[in-house]
Amino acid sequence: MAFSAGQSYAFSTNFDPLQQNLWGSKPHISSFSLKDINFKQCYKPNILSKKPLYISAVLSGFGHADESKEYKSRDPLVQRNAYEASRPQSIPINIEFGQEAQAAATQKLKIGLYFATWWALNVVFNIYNKKVLNAFPFPWLTSTLSLAAGSLMMLVSWATKIAETPKTDFDFWKALFPVAVAHTIGHVAATVSMSKVAVSFTHIIKSGEPAFSVLVSRLLGETFPLPVYLSLLPIIGGCGLAAITELNFNLIGFVGAMISNLAFVFRNIFSKKGMKGKSVGGMNYYACLSMMSLLILTPFAIAVEGPQVWALGWQNAVTQIGPNFIWWVVAQSVFYHLYNQVSYMSLNEISPLTFSIGNTMKRISVIVSSIIIFQIPIQPMNALGAAIAILGTFLYSQAKQ
């Protein structure tokens, strides 16, 4: 039917389009025609109602559905009215998707900040560490100062309540001891390596750590899928290619990096087995590790190098470099603790796979930055070996999962 735009209509009707059987479950559809509808024109010019019209019926009586009974008649008079629906209103629905998405975005941002801080601190440490070792070639004392600075920083943090003091017992320190021994050996060996060769070469060789991890774990009875073993081929091949093409190759530097790899593998194994279930973790865990490593390393550093040699070397370094040398020593000591502290804190926030990938990217950033800053000449085959080794490390982290 058509309605003119300038007029509105109201109507009443005596028909029931949906005659509901009060005693049955099936609706009864009654027939009707347009003749049954009486329209009453409402002279309201220029008014157009866009609201839908509903037909209401006031029913009398209720019943249960029963197919076997005859239909019960309804009251003959039932009031039926046409009315306009009210304007639709929005119903607020609280959905937690926004909060979950915000939490996920916050977590990603947090991990990104961890990685950026970790890489930046590591790059700064390696630069200042190499500067110190070039002017003051005493890696045992340099390693000791790094651990001493970190231990002092954490003791002050605990005393001033900046960081919560860890609750430890004798069993904790007993389990930490083998971890500290391995950590001390790995730290000193890496410093010895960087005192003899370029920073980039040390980190290229240290990218071969997964090969040592698989070897030691295999000797301890652990098995790995075939892709893990295959990922070791580019690691070993890349490290070998980088070693034979290194312009300033030094055997002590090469062996030091290899010993560091092996020591850190045992550190991870001891930490995983001995420290499982311990309440101390993250920042405080590394602080305790640094303190115990300092106690282990100090007598050996005195025995290997000695205070007399340190005094003479310190005087020569200050004479050649000036007061900046003292800043270099402080910077390399502080940044060593900070980058390791951030890496241990990140382990509480990310998966081992993500951490392994981040460690690979860290090595790339250190290698590239050291080559640029120290202007290290590099051969194409040497760069190819480094790229292959780092790629193999990435493939290993993927295959290990």
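Cβ from N, Cα, C; glycine included.
Remember, TrEMBL labels are computer predictions, not curated facts.
Under the heading domain 'Sugar phosphate transporter', TrEMBL lists 109-397. Residues or ranges marked as transmembrane segment by TrEMBL: 111-128, 140-159, 226-245, 251-270, 282-301, 321-339.
Nonlocal intrachain contacts for the transmembrane segment (226-245), taken as residues 6+ away from its ends with a CB within less than 8 angstroms of a stretch CB, comprise 201, 204-205, 207-208, 210-211, 214, 254, 379, 381-382, 384-393, 395-396, 398-400. For the domain 'Sugar phosphate transporter' (109-397), the model's pLDDT averages out at 90. For the transmembrane segment (282-301), same-chain residues at least 6 beyond its ends with a Cβ under 8 Å from one of its own Cβ atoms are 140-141, 143-144, 147-148, 150-151, 154, 163-166, 168, 172-173, 176-177, 179-181, 183-184, 187-188, 275, 337, 340-341, 344-345, 347-348.
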